[in-house]
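Per Swiss-Prot, the features are:
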| type | residues | note |
| --- | --- | --- |
| REGION | 1-26 | region 'Disordered' |
| COMPBIAS | 9-18 | compositional bias 'Basic and acidic residues' |
| REGION | 52-87 | region 'Disordered' |
| COMPBIAS | 54-79 | compositional bias 'Basic and acidic residues' |
| MOTIF | 160-168 | motif 'Q motif' |
| DOMAIN | 177-381 | domain 'Helicase ATP-binding' |
| BINDING | ALA190, PRO191, THR192, GLY193, SER194, GLY195, LYS196, THR197 | ATP binding site |
| MOTIF | 305-308 | motif 'DEAD box' |
| DOMAIN | 434-583 | domain 'Helicase C-terminal' |
| REGION | 646-675 | region 'Disordered' |
| COMPBIAS | 652-675 | compositional bias 'Basic and acidic residues' |
Amino acid sequence: MELFTVNRYTEDLKEQKDGAQGTNNEDEILQKLLKKAAKRKRKHEAIEVVETPILEKETSDVKESESKEEQVEEPEKPLEVVQEEDVPSNEFQVLGGDDSAAKKKKVQMQLPNWLAHPTIIEGGSLQPEEEVPASEAIDQLDYLEKYTCQALKQMKIKRLFPVQKQVIPWILEAHAKPPPFRPRDICVSAPTGSGKTLAFAIPIVQLLSQRVDCKVRALVVLPVAELALQVYRVISELCSKTELEVCLLSKQHKLEDEQEKLVEQYKGKYYSKADIVVTTPGRLVDHLHATKGFCLKSLKFLVIDEADRIMDAVFQNWLYHLDSHVKETTDQLLAGTQAPLCYAELQASFGKQPHKLLFSATLSQDPEKLQDLRLFQPRLFATVLTMPVLKDATEEGADTEALTDPGQFVGRYTTPAELTEQYCVTELRLKPLTVFALVEKYKWKRFLCFTNSSDQATRLTFVLKVLFQKYSTKVSELSGNLSAKVRNERLRDFAAGKINGLICSDALARGIDVADVDVVLSYETPRHITTYIHRVGRTARAGRKGTAVTVLTEQDMTLFKKILSDANKGLGEEIHVSPDIEIQHAVEYKEALAGLRSEKVKNKNQKMAEKNRVATKALIHKKQEETATVRPLTLMEKLQIKANEIVQSSKKSSETKNSKTKADKTKYQPKETKKQIIAKQLKAIEN
């Protein structure tokens, strides 16, 4: 039976067999197990910092602790000790614990001091032009020169906006200080249509108007060609009363034509023909590498408009090329280093770095995006229309000081006070019909409709043209699918009233001033709050009233609410269209959709035909190259080959003559002249 013997731990059982308090031993075993379980639980819940002792001492301590545990008996309420035991003060908080009962305080982002405490520009509803007080007229502003006032009057500007009143005198005063005091770089965050272009154009023109020789002293960089053209026109009008020259660089013109307007060469030296250059990033890189004599060593102002977009890496890393060019041509620094700490360093660095001016309606509050520019003691100007009220302001524990802290305004996207925001809920399949019904219901005659892509703009334009066939409203497309020339023509027709509505992609949503837009429609939900701000910014510009309407589906509501919450904005007023629009316009809508499908098939076939044509042309060219080696020789090629053979034979005959004896060489043998050799060659060819 020894094969079936099972050896078990019987030490405690032996004590029970001996009859010495059998029941008490069972309680002791249970108590030991509970204590060990509680000890293991405490080790898992808290991290204790303990010095590592020597191994021998550790084993002895373990034995002593085990012997002590055997002596202590606590049979009553064994779990209460674990529950009432305090956690040591040197232990860390357990991650993942159940602290839902305690209210967690929201962590505030730590910003640099200049971002956390901006200079607030109080904005609001602008007064109509006829109600401008006499004290606010441009003639009464002592910091504006006479030629500036004359140019502004020609532009039909009677007063300055709040942004201009703050920024223009500050820049002029900063440059009035004597060396070595450098002007601080500035960032301006203001709503669209608030006059940011004149805010930097006026002080630059006034500060450069007394220049002696013509050099590039101001560089204005903008993201798109249309916006660059708009800024170029504004600066050109301001310079009309001065001798300053303005040059526009964009891919809408030939590079050679721009080079002629930019530099000229005289007696081996290059001279600049422009004082102010307005450009796009890509075109700037082209001229930095391709235009000889284009030098920026005298650069005094670097203006970056729409700074949040233009600082992205997608613009060919233009800042790197600009910095490299400046370092190669002069000892001037573009990016700069840390702020000088003494008078000698201030004096040595004075005039070696341009004054940087950044402008945007959605200026980023991320310091990393502005790090590449290395701004010199920057200052932020931010526009606030109304004092925002935080949602948690009325709850207990709310930070009341934060309500008056200027840092709360950083990153807030503001819209003009004259803007009315609305939305309309519809079905996805009825979206084009809803846009048509809204235009007809409210009799909008000047509107923009934005989509998320150029292809969507093309399709929507086709459908709306069919729906508006029987009406006086005319719509047209304005997207990246069109050339720059066609886009400019469409904008001119819209400004002249020949077109009532433009169906646009988001390429037009930034900075471009389209005259007298009454309504902006968002056909598709914008992907980000910045896109929405720039879309609605095409209306309610320069104190005029405007309306922004977003067409939504039930599925879009959640995303749109989240987008607006980022700007502390609400949904606005909901507007409706007739529920019978599908029945009323069923025939036209069906015809439009059928035409769209056929147009889509037609475009697809055209693309396939173009692709096949290109492939066939490439194949023919390849065959021509292969057969070029076996084609028969022409007469000229045969004559050339025969002439080469005669030349070779004449060389051989001359070599044989040189190998004659010395006696023969002493005899006089006149050499053949060049004419005789040519005559022989022609005679041989004739034979």
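Cβ atoms here come from the backbone N, Cα and C positions, even for glycine.
Structure with Swiss-Prot features highlighted.
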residue : record           : Cβ neighbours (10 Å)
ALA190  : ATP binding site : 27
PRO191  : ATP binding site : 25
THR192  : ATP binding site : 26
GLY193  : ATP binding site : 24
SER194  : ATP binding site : 25
GLY195  : ATP binding site : 23
LYS196  : ATP binding site : 26
THR197  : ATP binding site : 23
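According to its DSSP assignment, LYS196 (ATP binding site) is helical. Per DSSP, the secondary structure of the motif 'DEAD box' (305-308) breaks down as 2 helix, 1 strand, 1 coil. Tertiary proximity for the motif 'Q motif' (160-168) is limited to same-chain residues at least six positions away from its ends with a CB under 8 Å from its CB atoms, namely 119, 121-124, 126, 136, 138, 141, 143-144, 186, 188, 190, 194-196, 198-200, 202-203, 381, 383, 542-543. Those same-chain residues not listed among ALA190, PRO191, THR192, GLY193, SER194, GLY195, LYS196, THR197 yet with C-beta within 8 angstroms of the centroid of the ATP site C-beta atoms are PHE161, VAL163, ALA361, GLY537, ARG541. DSSP assignment over the motif 'Q motif' (160-168) gives 7 helix, 0 strand, 2 coil. Helix, strand and coil residue tallies for the domain 'Helicase C-terminal' (434-583), in that order: 60 helix, 25 strand, 65 coil [DSSP].
In three-state terms derived from DSSP, PRO191 (ATP binding site) belongs to neither a helical nor a strand segment and is classed as coil.
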